[in-house]
Amino acid sequence: MKFVDSAKIYVKGGNGGNGCMSFRREKYVPKGGPDGGDGGRGGHVYLRADGQMSTLLDFRYKKHYEAQRGVHGQGSKKNGKMGKDTVIPVPCGTVVRNAADGSLIADLTEEGEELLVAEGGKGGKGNPHFASSTRQAPRYAEPGGVGMALEIELELKLMADVGLVGFPNAGKSTLISSVSAARPKIADYPFTTLVPNLGIVQYREYSSFVMADIPGIIEGAAEGKGLGLQFLKHIERTKVLAVLIAADSEDIEAEYASLKREMERFGSGLLEKPRVVLITKMDIAPEDFSVPSFSDDAPVLMISSVTGEGIDVLKDELWSRVKSEG
């Protein structure tokens with residue numbers, strides 16, 4: 001399935017049903033009073049967070065959503081039914097903004113969370129509402145109100161516990177495929193991963209956490225170079241970052257410093273998140289490899305997703321940090 005993380009849609013509440021102008025007409029009641037029913041309220045439009053959805057792809061094909069109109073009132077004081085609401089499912093982690101000014105409307109993060117985005121119009125009042133001592137036979141009924149209309153922007157920010165960060169070919173996709181059921185494309189060239197991937201990592205017998213693999217960062221990602229800026233937002237919500245650097249990197253310390261710079265430039269508190277440095281591909285580490293140390297005292301783990309070296313220790317470390325972050 002194609003991954004789409006932004007969309008713009010038009011939503012409109014249903015118009016209210018018209019009130020009815022009617023008079024009681026029965027045998028032996030030649031001058032019955034007004035008996036027009038009220039119109040029904042128009043349907044509302046809601047967004048609902050759905051944990052089964054992982055992309056905004058559907059909104060590339062359908063961009064207009066309108067709730068049902070309220071039913072008109074009838075004679076004999078029969079009120080019209082309310083219009084049916086329209087409920088639009090969106091992935092958990094969807095940010096909703098007003099397209100006109102970019103203002104934040106809501107951030108839907110919890111399964112089943114609902115947001116009213118367009119109210120239906122009020123039902124019009126039937127002519128009995130307009131009767132008075134001086135006007136006992138009003139020949140007027142109120143039309144239904146117009147439903148609210150709004151253009152909204154949807155932006156998906158993935159929900160994960162651990163975010164994998166690294167330059168292209170650092171081994172992120174291989175790691176997530178080795179510890180979860182996720183099967184991202186893997187190859188020995190840069191930018192194999194073109195979209196984010198989520199994997200559920202089983203820990204011990206009854207626990208698990210969610211890991212997110214995003215396309216590799218390059219120098220200047222925070223300024224929009226490469227794929228970095230587009231996808232760095234998907235690790236904003238993560239509790240812990242795992243920074244991956246390949247053991248055969250020419251300069252591990254310099255690569256780590258570069259990754260930190262990009263996270264700092266992007267902002268959103270990425271650099272303040274707890275992180276673990278993973279030296280990957282230890283199965284092909286050079287003979288003169290030495291364990292690096294970093295000035296920020298970030299814990300360093302040596303792993304190989306191919307041989308399984310260090311994977312259990314990695315799971316222990318990540319689980320401990322995820323739990324400590326709540």
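Glycine residues also receive a Cβ, built from the backbone N, Cα and C atoms like all the rest.
The GTP binding site annotation in Swiss-Prot covers 166-173, 191-195, 213-216, 280-283, 304-306 and is backed by sequence analysis. The Mg(2+) binding site annotation in Swiss-Prot covers Ser173, Thr193 and is backed by sequence analysis. The domain 'Obg' annotation in Swiss-Prot covers 1-159 and is backed by sequence analysis. Feature annotation from Swiss-Prot assigns domain 'OBG-type G' to 160-323. According to Swiss-Prot, the region 'Disordered' annotation covers 119-138.
Shown on the structure are the features that Swiss-Prot records.
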{"residue": "Gly166", "record": "GTP binding site", "DSSP class": "strand"}
{"residue": "Lys172", "record": "GTP binding site", "DSSP class": "helix"}
{"residue": "Pro215", "record": "GTP binding site", "DSSP class": "coil"}
{"residue": "Lys281", "record": "GTP binding site", "DSSP class": "coil"}
{"residue": "Ser304", "record": "GTP binding site", "DSSP class": "coil"}
Count of other CB atoms lying within 10 Å of the CB belonging to Pro215 (GTP binding site): 24
C-alpha spacing of Ser173 (Mg(2+) binding site) relative to Lys281 (GTP binding site), in angstrom: 12
Ser173 (Mg(2+) binding site) and Ser304 (GTP binding site), Cα-Cα, nearest whole angstrom: 12
Around the Cβ of Asn169 (GTP binding site), the count of other Cβ atoms that are within 10 Å: 22
Which listed residue (Lys172, Lys281) has most other Cβ within 10 Å, given these are binding-site residues: Lys172
Position of peak Cβ density within 10 Å, selected from the binding-site residues Ser173, Ser304: Ser173
Structural state census, the region 'Disordered' (119-138) (DSSP three-state): 4 helix, 0 strand, 16 coil
